[in-house]
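Colleague: What TrEMBL shows for this protein is this:
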DOMAIN    40-111  domain 'Glycine transporter'
TRANSMEM  63-84  transmembrane segment
TRANSMEM  96-115  transmembrane segment
DOMAIN    125-196  domain 'Glycine transporter'
TRANSMEM  148-169  transmembrane segment
TRANSMEM  181-200  transmembrane segment
TRANSMEM  206-227  transmembrane segment
REGION    260-297  region 'Disordered'
COMPBIAS  268-281  compositional bias 'Basic and acidic residues'
């Protein structure tokens, strides 16, 4: 007789993953989705182009310094994203990332000589970079099984990471942490659109395009119309100003007689009489050891 073969039940990780687009526990994408290489390289190219163009306007920076700033700006967002996700940074796993970042940074230096005023170009590239990295970072986080809220955080950090590294290298105030930038809010606005679109069952490509468009438009509108979050000290100054306005209005009403305050009732045998008695006692010298004529007893 042949020995009976032992049949082992399949283990959970041997089963094929389900291809659902709206999973439980707040997950929107399953682990079968991967971010394509082309959009990730496009985000690196735009970020490095903007970083090189931005750094070329600073004096006392040589070609190597401008190239370093441009490369760091291009790969900074993806680097922080992959560190948060606990994976090897994409820039260190494929030669195309660093090559794309280097070429784009050099092109950014050349663009400074072609345009007399490059502020509009820097702002436009910066806004586009925010949208691209926000969409890619969020979709990559969702594909690795992160819930919606952590994916929103990872996408926002990825969107503003390149500018954060750029400002650190140039030793200038970090734009994302100061009034008037609207960096993070623009990125979060686009990412929220992405999450809602995915939850409604839209294709990932359509949701990502919507994210890029919304983030870019919000950033450009913020620059054009001066949108910004209020300064933290401005809130306390506003409360103090309102308090002073109320006090001034009360003083004016009292002065003009528009309002009157009621007179407080006088206490019987109040402090005035008591203080007077105390004064007379001190004046009489009964507690000082002297007589009425001023001589010692």
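Here the Cβ of each residue, glycine as well, is placed from N, Cα and C on the backbone.
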Colleague: Six or more residues out from either end of the transmembrane segment (206-227), which same-chain residues have a Cβ under 8 Å from its Cβ atoms?
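Modeller: Result: 39, 123-124, 126-128, 130-132, 134-136, 138-139, 159, 180-183, 185-187, 189-191, 193-194, 197-198.
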Colleague: Mean pLDDT over the domain 'Glycine transporter' (40-111): what is the value?
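Modeller: It averages 93.
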Colleague: By DSSP, how many residues in the domain 'Glycine transporter' (125-196) are helix, how many strand, and how many coil?
Modeller: 59 helix, 0 strand, 13 coil
